[in-house]
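Visitor: This is the structure I want to talk about, given as structure tokens.
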């Protein structure tokens, strides 16, 4: 059982990948990447929160008190996340029914159903761990049921806590080594035995950091960006990617909320 707790100390965060094409997202996942499409009656789910592209063309976040207010404005509608970070609902004839309005630099974005009941668009990735690249002998588990695959800014993994996606696991091991199991080669931080009671955290500048019980930095991804909210996604293809900062999110108090556009910020 993953030990995923809210980290109550000051945080800072980051992950970077070139844009790429993605096939239609599978129903039941909790994120949508640039180029992916949520088909009619498709769902993105996280706990009690369910984002549905309804057959009446309305995009609704159930239990999150938000909708696109596009009911009966089209047929066979689909939701797409563009490579400029904009969510777009298109009619079956290809015409645009609704757009989020948040656009930024071209890149690889992620729209995530947040566990607090918001749909959040995170800007281009700033760091990735790809187990298809040589570096560690392949380490494979048996078929592992899908559980938690997200780590947000301010959260930590510790004591064999893990993120899982299909047959892949990212584990913050008790020996202080961060290991991504699965893929052709797997991946590790090579920090075995370098500390005690180590934990992994994602800060608010998009940086992954392993610290020991004295809060000494054992390892970091060494990529950081502007201050904001980031997310580490262990994707179904086994690649762990940090996206952020957030540029748009739904809000129950308003139809939509814009968060600052992505620029090259100073560290």
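Numbering starts at 1 and runs along the chain as displayed.
Placement of Cβ uses the backbone N, Cα and C atoms for every residue, glycine included.
Here's the feature list from Swiss-Prot:
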type	residues	note
SIGNAL	1-26	signal peptide
DOMAIN	29-134	domain 'Bulb-type lectin 1'
MOTIF	54-62	motif 'Carbohydrate-binding motif 1'
DOMAIN	148-255	domain 'Bulb-type lectin 2'
MOTIF	173-181	motif 'Carbohydrate-binding motif 2'
Visitor: Determine how many residues of the motif 'Carbohydrate-binding motif 2' (173-181) DSSP places in helix, in strand and in coil.
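Guide: Across the motif 'Carbohydrate-binding motif 2' (173-181), the residues distribute as 0 helix, 4 strand, 5 coil.
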Visitor: Take the motif 'Carbohydrate-binding motif 1' (54-62) and count its residues per DSSP category (helix H/G/I, strand E/B, coil), listing them in that order.
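Guide: Summed over the motif 'Carbohydrate-binding motif 1' (54-62), the classes give 0 helix, 4 strand, 5 coil.
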